[in-house]
Structures are given as structure tokens and as C-alpha cells.
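K.L.:
Not my notes, these are from TrEMBL:
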- C2: active site, for GATase activity (ACT_SITE)
- 2-214: domain 'Glutamine amidotransferase type-2' (DOMAIN)
- I294: ATP binding site (BINDING)
- D369: site 'Important for beta-aspartyl-AMP intermediate formation' (SITE)
Amino acid sequence: MCGMAGYIDFNKKTQVDVLKEMTDVLHHRGPDDCGLLTEEFENCTVALGHRRLSILDLSAHGHQPMSYMNLTIVYNGEVYNFKEIRNELIEENYTFDSDSDTEVLLKGWHRWGPKLIGKLNGMFALVILDKTQQKVILLRDRAGVKPLYWYFENGVFLFASELKSFHKHDGFNKKISNEGLRLFFQYGYIPQPFTIFEGGFKLESGHYLVIDIVTKNIQKKCYWNVSDCYDKPKFDISENEAIDRCESLLSSACEYRMVADVPVGIFLSGGYDSSAVAALLQANRANKLKTFTIGFNEESFNEAQYAKNTANYLGTDHIEYYCTSEDAKEILPILPDIWDEPFADPSAIPTILVSRLARKDVTVSLSADGGDELFGGYDKYTAIKRKKDLFNKIPSVAYPAVKALLKSKLTQQVFEYAHYDNAADRLERLANMIGQDESGLLKTSSCVFTDTELQHLFTREVLDVHTAFDERLNGNWLDNILAIDYKTYQVDNILTKVDRATMSCSLEGREPLLDYKLIEFVARLDPQLKIKNNCRKYILKKIVHKYIPQSMLDRPKQGFGIPVSDWLGDQLKVYVSYYLDENRIAKSEILNPHMVRAICKDYFSGNNNKVNFKKIWFLLMFEMWREKWM
């Protein structure tokens, strides 16, 4: 795991020390080594910088940038099947000076070019300079586990593992994007390909970019799309065969991710996903694997005891830490340093803590992210199905009348009289759902601020933005929303959270449930094997029950929540008072200070339900980010 940054300067004006500055701000991603390379061409300068966290081949042979013939590479990630690819290349008379996967990537690209991508199984973001073809290639893995940002304005092309590198280049104009602003306040993160800055983009998962340094032409190509996996014909196999094949693929994915020349551990929550990873790996080992858990003293959020019970049953070497409001108070000020564009998932706090806990003993830790999106685990999926079935009973000719009734002042007053929290908000949201398909229901239910609220929140007009949430797919209802969640919430919330948290303490995170072979298989299973008789993650549970008794695992799903809403009224209230001060908000001329004041007043006067808390948290995270980076 590493960090990389660089530029193509068509103006040839960048000072020589800028590359080092862009790379050094990524020291946390790669504390073990630093490498810089600058190449001059007739009409531009190309610069590649790299920070290394040594995982495979700890020697200097793994140093980057690495060159071979006409190619130079900088690379962040791990290719788990690099030994198989290496053997193919040896058969074609390639020789190797190291045991690193970087050299395999470099020589594989030399042999096959873009056809290499289809052979890769892993998490990766890489940049290749081809001096013969005078092209620069940016490539990101299928799931988007590893981040890669790019920016192109006024003759300067920048790339980096994190946006913070761009701030070190004079060619970067840090102007807030209207699209990024709206998307953040809709979802609490900014879906690909957008960023918070104008001219800045995330390279989408499953894509690569080709920059012709002669013509300045940029081509973006999609080499893998999860929607295509769901579109393929379903397997005609029995339930038992599906379970066995899925278990085999999952076991293989876990074993691949144990390959390292440094200690490896597992994040264990005690839920089905992380228990599956721990169980499959510990079952094949005599030595005890290290597992790590974060707990809370607030019982409604605490799953640490379940994780401990699972660890004891499996026989892992289990380590736990209990998170308190004091931990949150210590971490809150550094959140904008770690997430350098607005990010509002409160579970970032315990994710940092479990990463720090693990880093004391290991350099690599496996997590089980992706299980809900792959196997249909979230409550929201069945909730969407219930809404869809209910709304289908309403004749389409009646939609306008039903929507008008729900949005009427009289209906709002009735709901408020009945003591419904956020009556206007909830009724508008419900009205917007009428007539929507499952994709529209997913989008609407994922938004925290309604369209009406967004119109009043911003001081300027900010129009709706098309993202993967707006895709209309032709598959089964569950397949459709799993594919969309994979491209949105999973990559830009879950994986962004885990990558930044782990890398903030130089820990490599690996995701076995995002192995592309597993994804391609599960996507072609009958959806009934994912949600069967209202049992979510049906097939995964069948696998896990082979290793752990069902009685130890069956309980209501909690997720990786955190009692920060309780803490906001106590230790953290001072942050809200400062960052969301009406006069401070007014000076920025971005948000409507009167609406921000109203949201705060409503929350702290006792209307502190889940939706209002999210609104407060979104506002706080944005303002803390703005003070740090603008």
C-alpha cells in the first residue's frame, strides 16, 4: 500500500521541488521509502512521485518509480495473483530482479498493454508513463478500493492518491464545485466521478484514463462494470451447489489476501461478514490469527461482546478497545486532515480507532466491507421492496393527487398534531417516492436533505447532478439496487472511509469480499439466494453456519454505528457552536445562515432524531473541511 502523486505540465513552469511537496504530504500512506522522477518532453514535463509502505519484497528492489524499457510506473495497492502472472511472463522469457508485484505489473504492461488489466486480481491504482507512445495511463481497480484523483485546467494535469497533494501545485485552483457541494449535502459523500473542486475528478472504479502528451487528448475507458455482471444469465444450479461454489470462491479470496511479508490481522465486528472472513481463515491454520474490535460503553451501539464470543469460539488472538466521547473529542479535529474532501460518516471515528489498534500489532488488516452490497444485507433493501410493492397498488393516474395530498399544509398539520418528527420533511420525501422504481427509491431514501431544503440551504442555485443513482437497469429489483449501491455508497463512502482511516496510520486494508471473481459469481445467482423469506444475506449465512453456530450470530443488524449524537449535546457541542455560528456561516456566502441556525435550534431544542442529527453532522463536517482547505 502506498501513495502517489504527479503532474503533466504542458506549460513547463512547475518548480522542481513541487513534486517532492506533493508526494511528502502522502507520507502517512508510505513511510518506508520515497521516489521521484521527472521526464522532459518537447511540449511538457511529466513528473511521478511515490511513497512506499513495504508489504511484499521489503528490499530496495521494490523502489518506485520503477522503470523497464520505455515504461515507468508508480503504483498503490496489491495484485494478489501476481505470482501466476509472473510465471506467464517467465514462460515468455521475461526475467525479474525482485519479488514485488510492481515489477510484474510493469513487465506485464510491456507484454500485453491494456490486455493485462483483465488478468489482474487485486486492489490497485497506478500510473504508467509510456515514453515511446508518449502517453500517460491512469488505472483504477474494479471495486475502487484504491483511490485515484485527477485534475486538468490551464495546461496542468495533476494526479494523486489524495486531493491534498493538489494543494501543493500552483496550477491547482481550489474553487468549490456546485456539483460536489450538492452531492455532499445529499449523501454525506461525493459520488464518483465528482469531487468538491471544479476541474477535479475521481477516476471511476473499473476505468482507465489515457492522456496523449502530444495532443493533450484525454480518453476515459471502462474495462469492467458491475452492472454487466448482473445482466448476464443466472446460473441454473441448486442451492447446495451455489453455497459450495460461493464458499470456495470466498475462501480463495481470503487466502489470496493473506499473502504478505509482514504481519496480517482481521477487523472483527461479530457480524456475519467479518465472522465469515475470520472463520474461513482460522479454520485452515494452527497458529492464532489476530482479530481487532472496537466497542462502546453505550449498549445500544456495542457489538464488542459478540465479536469476543466469535473470537473465542474460533480461537483467534483477540484484542479490543472501547471508544469513548473523549476519543471522539481527540479525533474530531483531525477528520478534515484525513478526509480532504467533505465526508460525513460518523463511523469514521471508530474506524480510525480500530486501525490504530491493529497497527500496533500488524501492518495489514483484512476487513469485510462489501458483504452487504454483495449479498443484500442492508435493512434499506427490504424497506425499498415494501415501498415499491405498496406504491404499485396506487393507480398511476392517481399519482398527482396523492402527491398533492401528502404535500398539503393540512396533511402536514395532522402529522404534526400526531407528534410525528420532521413531518414536512417526511411527507415531501414520501411524496417524491410515489411512482419511483427501485433505483429512484434508493436515491430518494439515501438523501438526507430534500430537494426543497437544498434550494433553501445554498445561497446560489445548485442544480441536480446525474450520478450512478440515476441509472435505470433492466434486472431484478434487488440486482438493480445492489449494482447501484456498489457504484455509489460502497466505493465513495465505505471504501473511502476504510482507505483513509487505515492509511492515516500506515496500515494496509484488504477487502476479500470485493474479489471480482466472487462478485461475478454472486451477481449471477438467483436473487432469492440473497434475500429469502425476509432473511437477508441468506447464502452467506448458510456458509458461516458451517463454522459458527447460528445461535451465536442471529440478532438484529446494527452496523458500525457510533453514539456521536449523544455526545454532540455534551463534549462536542462546542464544535457545533463555533463552526455553525450564524455570523461565521454568513461570511462564507455558501450556505444560508438562517437555515443553518434553524436546523441547529430545532436539534438542540429536543428534536434530535436521526435525520436532524445527520443534517447537523453534514453541516459540521463541511464547515470543518472548509476551514482546513479553503
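Each Cβ is built from the backbone N, Cα and C atoms, and glycine gets one as well.
Given the structure is predicted, the values throughout are model-derived calculations rather than measurements.
Relative to the rest of the structure, where do these features sit?
P.N.:
Cβ contacts within 10 Å of C2 (active site, for GATase activity), excluding its own Cβ and spanning all protein chains shown: 29. Under the three-state DSSP scheme, C2 (active site, for GATase activity) falls in the strand class.
If you average pLDDT over the domain 'Glutamine amidotransferase type-2' (2-214) in this model, you get 95.
In the three-state DSSP scheme, I294 (ATP binding site) falls into the strand class.
The Cβ of D369 (site 'Important for beta-aspartyl-AMP intermediate formation') lies under 8 Å from the Cβ of D273, Q490, I494, L495, V498, E511, L513, L514, each of these being in the same chain and 6 or more residues away along the sequence. Taken residue by residue with DSSP, D369 (site 'Important for beta-aspartyl-AMP intermediate formation') is part of neither helix nor strand, so it is coil.
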K.L.:
Whole-number answer please: how many Å between the C-alpha atoms of C2 (active site, for GATase activity) and I294 (ATP binding site)?
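P.N.:
On Cα coordinates alone, these residues lie 25 Å apart.
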K.L.:
List, in sequence order, the same-chain residues at least six positions removed whose CB sits under 8 Å from that of I294 (ATP binding site)?
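P.N.:
Counting only residues 6 or more apart in sequence, the Cβ neighbours of I294 (ATP binding site) under 8 Å are A304, E320, Y321, Y322, C323, P350, L353, V354, L357.
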